[in-house]
Every structure is written in C-alpha cells, then in structure tokens.
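Asker: Structure in structure tokens, see below.
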Amino acid sequence: MIESQRHSYHLVDPSPWPISGSLGALATTVGGVMYMHSFQGGARLLSLGLIFILYTMFVWWRDVLRESTLEGHHTKVVQLGLRYGFILFIVSEVMFFFAFFWAFFHSSLAPAVEIGGIWPPKGIEVLDPWEIPFLNTLILLSSGAAVTWAHHAILAGKEKRAVYALVATVLLALVFTGFQGMEYYQAPFTISDSIYGSTFFLATGFHGFHVIIGTLFLIICGIRQYLGHLTKEHHVGFEAAAWYWHFVDVVWLFLFVSIYWWGGI
C-alpha cells in the first residue's frame with residue numbers, strides 16, 4: 001500500500017551513488033598521490049577513480065532528472081531549496097576567487113625584493129590586454145547576453161528560440177576557451193616564472209576550468225530544452241546554469257581589469 005505524502009518535501013529513496021562517489025574520490029586521491037610519487041599502479045588507480053566519479057555523476061544526475069521531470073518530486077518548496085543551495089554554492093566559489101585575488105594584490109601592491117621590488121616582476125614580459133584578453137571579454141559578455149536571451153525565450157514559451165540561444169551561448173563559450181588556450185600557448189612566461197606567473201595561471205586557469213564546467217552545464221540544458229524538459233513554470237536547472245554563467249562573466253571582468261590591465265601596467 002502506497003502511503004499518501006502530506007508535505008511538499010522530497011524524501012529521496014535509498015541510493016548507492018553517494019558511497020560510490022566517495023569510493024571514486026578516495027581512489028582518485030590515493031591514485032593521484034601515488035602517481036605524483038611514481039609508485040607503481042598510481043596512474044591506473046587515478047584513472048579508475050576518475051572513471052568511477054564520472055560514472056557516478058552521470059547516473060546520479062540522471063536519477064535527479066527522472067525525479068524532477070518524470071516523477072514530479074520537485075515541488076515549489078523543493079525548487080526554492082535548490083535555488084538557495086545553488087546560491088550558497090556560488091558564494092563558496094566567490095570565496096575561492098577572493099583568495100586568488102588576495103594573493104595577486106598582496107604580491108603586486110607590495111612587491112618583494114626577490115622580484116626586484118617592482119610589478120610586474122623584473123624580466124617578465126606581460127600580455128597585451130587589448131589583444132586576445134579584450135576579445136575574450138567581448139565574447140564572454142556576448143555569451144552572457146545569449147543565455148539571457150534563452151531565459152526570456154523559455155519564459156515566453158518559445159522552445160526553438162531558446163534552443164538557438166543556448167547553441168549560440170555554447171559556441172561563444174567554445175570560442176572563448178579556444179582563444180584562452182591559444183593565449184596560454186603563446187604566453188612569454190610560465191606558471192613557474194615568479195609570483196606573477198603563479199597568480200596569473202592559477203586565477204585565469206581556475207576561471208577557465210569554470211568556463212568548461214559551465215559550458216557542459218549549458219549543453220545539458222540545451223539537450224533538455226530540445227527534449228521538452230524545460231517549461232516556463234519549471235526550469236530550475238537552467239536558472240542554475242544561467243546564474244553560474246553570469247558569475248563566470250563577472251569574475252572574468254575582475255580578472256581583465258585587475259590582472260591583465262592594471263597588473264600589466
């Protein structure tokens with residue numbers, strides 16, 4: 001006999017994915033340490049752990065999509081909780097980048113004697129901010145406008161237009177990533193070239209990683225939009241992707257102004 005549910009909350013069924021994800025993370029961590037210290041079997045254990053994590057992510061998110069789209073477990077109350085949770089996740093990401101900017105300004109506002117007492121450090125040839133960095137700024141801002149276009153299309157019930165807008169967003173994101181990779185390849189300094197190289201590649205590389213994650217997030221949203229999963233009443237997944245993408249936009253603006261422009265003067 002099925003008991004009636006007298007509340008708006010989603011009580012999830014028992015799932016094997018939390019423990020499988022934990023085992024994958026353990027294997028990845030141990031394998032990574034073994035690989036870095038050249039222990040036999042480290043690379044295999046690291047690869048196995050990563051595969052396990054990716055598989056767990058796929059099947060876990062698949063179950064969440066089933067629960068929300070097909071089974072109707074994501075009520076208004078559940079959706080509100082998901083929104084609050086994702087906002088807190090973005091706040092935690094802000095703290096990550098705050099630490100990177102702190103390291104950059106700590107090093108640049110009071111340059112140590114080891115780097116010549118100047119910023120950029122002596123011997124460092126910086127990148128021109130008005131070449132690829134400025135072009136990437138325009139591309140990323142355009143992608144932010146495109147994802148907003150997709151949001152308005154979803155709210156208006158225009159499914160095809162939303163798909164087109166998401167495709168445009170993803171294409172712009174891929175172009176941005178390509179230019180970023182080109183910039184890294186052509187950079188006249190490396191991550192080991194003083195504190196400048198360390199903070200530059202750490203901050204911009206971490207941002208680039210977020211761009212890749214956000215691109216995958218938007219691709220999934222585009223597929224779901226094409227399949228008719230997203231409606232104007234229920235599109236929390238897309239909202240989370242859009243918020244994440246706007247966060248990536250804002251971080252890039254800070255990176256461009258502080259590290260590329262001001263930090264290269």
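Any Cβ shown, glycine's included, is placed from N, Cα and C.
Pulled the feature table from Swiss-Prot, pasting it below:
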- 41-61: transmembrane segment (TRANSMEM)
- 85-105: transmembrane segment (TRANSMEM)
- 137-157: transmembrane segment (TRANSMEM)
- 162-182: transmembrane segment (TRANSMEM)
- 200-220: transmembrane segment (TRANSMEM)
- 245-265: transmembrane segment (TRANSMEM)
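Each of the listed features needs to be described in terms of its position in the shown structure.
Answerer: Sequence-distant contacts of the transmembrane segment (41-61) (same chain, six or more residues past either end, CB-CB distance under 8 Å): 15, 17, 20-21, 23-35.
Taking Cβ pairs closer than 8 Å, the transmembrane segment (137-157) reaches residues 165-166, 168-169, 172-173, 175-176, 179, 211, 218, 225, 230-232, 235, 238-239, 241-242, 245-246, 248-249, 252-253, 256 in its own chain, all 6 or more past its ends.
Sequence-distant neighbours of the transmembrane segment (200-220) (same chain, 6+ residues past either end, Cβ-Cβ under 8 Å): 93, 96-97, 100-101, 103-104, 140, 147, 166, 169-170, 173-174, 176-177, 180, 184, 189-191, 237, 240-241, 244-245, 248, 251-252, 255, 259, 263.
Counting same-chain residues at least six beyond the ends of the transmembrane segment (245-265), those with a Cβ under 8 angstroms from any Cβ of the stretch are 90, 93-94, 97, 101, 104-105, 108, 119-120, 126-129, 133-134, 136-137, 140-141, 143-144, 147, 169, 196, 199-200, 203-204, 207, 210-211, 214, 217-218.
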Asker: In the same chain, which residue numbers or ranges, 6 or more beyond the ends of the transmembrane segment (85-105), come under 8 angstroms Cβ to Cβ?
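Answerer: Apart from its flanks, the transmembrane segment (85-105) reaches 195, 199, 202-203, 206-207, 210, 240, 243-244, 247, 251, 254, 258-259, 263.
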